[in-house]
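Q: What TrEMBL shows for this protein is this:
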type	residues	note
ACT_SITE	Cys20	active site, nucleophile
BINDING	Cys257, Cys403, Cys454, Cys457	[4Fe-4S] cluster binding site
BINDING	Ser304, Asp366, Asp367	Mg(2+) binding site
DOMAIN	20-241	domain 'Glutamine amidotransferase type-2'
Amino acid sequence: MELSHKRQTKGIMDGPAEECGVIGIYSPDCDADIASLSYLALYALQHRGQQSAGICVSGEDGFESQRGLGLVTDVFEKEDLAEMSGNLALGHVRYSTTGSEKMINAQPLLTSSIKGDLALALNGNIINHSELRSNLEERGAIFHSDLDTEVIAHLTAHSFSDDPVEALVESLHKLKGAFSLVAMTENRLVAARDSRGFRPLILGKREDTYILASETCAFDILEAEKLREIEPGELIVIDGSGIQSRFYREQCQSSFCSFEFIYFARPDSIIGGQNVRLARKKMGWNLSQEAEIDGDIVVPVPSSGISAGLGFSEESGLPYKQGILQNKYIGRSFVMPTENIRDLQVRAKLNPISSIINDSRVILIDDSIVRGTTSRQIIKMLRSAGAREVHMGVSSPAVAYPCYYGMDTSRRQQLIAAEKSREEIREHIGADSLTYLSRKGLLAAINAADRDYCTACFDGEYPLAR
Ligand code: SF4
């Protein structure tokens, strides 16, 4: 699956870093095994973050939580989950876009104030986080983490409203940026999206249990049905009286992240009615139509280029060959100090199959190029495996601008396309040719007619000013 490659190769591969995954569950049954449901849902969202994981349950004895650094399977023990009983839960998997990789930054964040207990889990990036934090510190707030989420917690605590949900809504009005938030009081589950809806948040149902999740793949594992997406600027509250929905922001306009389709989301997830894998295949079809590449075989970079590679092959009529083997059993690795060792490290994860590659003109397909280091290493390996020519096809436009809405490319100098022309990139990665999918081809593949998308990392057209 595409997600596992990205996860396993983080640290040496040069894809964009993922953001976070969130879940929220409400069951009318206090004896529901809500912690286990949360565990499974987070397991399905693991591709969205591998640095930490956490579950918080609200039960008769208040909040109980388990959080830790690492993968979902490492953080939670069966015994821990068995002890967490209640009818409300939040869960979070994290890749840090703000805040460093340490235990204190693991979510859900638990706070307690005169308004009662509140747990928060966030996916996104609050652009005015520093300014809000400084203002709060001047007013005496003491922060324990680097998290955006803690800013929301302090804003909520400082509100004049006694009701924690209304206090939370007041705080949301002060935020600028991208956020899909799930929150929990002792007896209410809350979900909110920013007014542009950059990051996904979806509502589902399993029997009489409501589930909120970043992606529909979390519903599949729980055998839950998707009900609908939370709309940009919408807030929903779920409790014993059902679901209440309202728009806490006016004049909302969708700027959904197009990179969710290209890279972030799991291929079996459905976004806006579209299967992600199929959208990626269409990117490959469109790339094939736009590209003027002559080759013998289409080889995907596993596993990020597989769907687009299949689409390219179908449209071009050229044979699809899995000419690079992926070692699925390698976990996280250190960034090695020298280029030679780094090359060997890539080879430990991806190995070209000479009998397929040898003497062929290879069309190599990947979903994106961020820094270019991995593409260069893979092309070098293909040549040493006997490729006569290597033509690189990328199923998205060049990533030339940083993202301020939750993808970890916020420093422009990390992006090879910000500094180099297409020809310079081709030369840098050592390809015979380099073709990117056009913005038009991308938008056609994700059916952009039905809503507006953010494409700022490709064109610099930021939906929100910084
Ligand atoms: S800048 Fe790129 S990654 Fe960031 S939200 Fe927009 S499309 Fe997504």
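Each residue, glycine too, has its Cβ placed from N, Cα and C.
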Q: Looking only at Cβ atoms, how many others are within 10 Å of the one on Cys454 ([4Fe-4S] cluster binding site)?
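A: Looking across every protein chain shown, the total is 24.
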Q: Output: those recorded positions from Cys20, Cys257, Ser304, Cys403, Cys454, Cys457 whose CB lies less than 6 Å from an atom of ligand 1, in sequence order; none if no residue fits.
A: Cys257, Cys403, Cys454, Cys457
Q: Residues other than Cys257, Cys403, Cys454, Cys457 within 8 Å, Cβ to Cβ centroid, of the [4Fe-4S] cluster site?
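A: Not counting the recorded site residues, we get Phe198, Ser258, Phe259, Tyr405, Gly406, Met407, Thr455, Ala456.
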Q: Taking 10 A as the limit, how many CB atoms besides its own sit near the CB of Asp366 (Mg(2+) binding site)?
A: 23
Q: Compared by Cα position, which of the binding-site residues Asp367, Cys403, Cys454, Cys457 is the closest one to Cys20 (active site, nucleophile)?
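A: Nearest in space to Cys20 (active site, nucleophile), counting only the binding-site residues, is Cys403.
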Q: In whole Å, note down how far the CA of Asp366 (Mg(2+) binding site) lies from the CA of Cys403 ([4Fe-4S] cluster binding site).
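A: One finds 20 Å between the Cα atoms of these residues.
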Q: In whole Å, how far does the CA atom of Asp367 (Mg(2+) binding site) lie from that of Cys257 ([4Fe-4S] cluster binding site)?
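A: So the alpha carbons of Asp367 (Mg(2+) binding site) and Cys257 ([4Fe-4S] cluster binding site) sit roughly 15 Å from each other.
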Q: How big is the Cα-to-Cα gap, in Å, between Ser304 (Mg(2+) binding site) and Cys457 ([4Fe-4S] cluster binding site)?
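A: That separation, Cα to Cα, works out to 19 Å.
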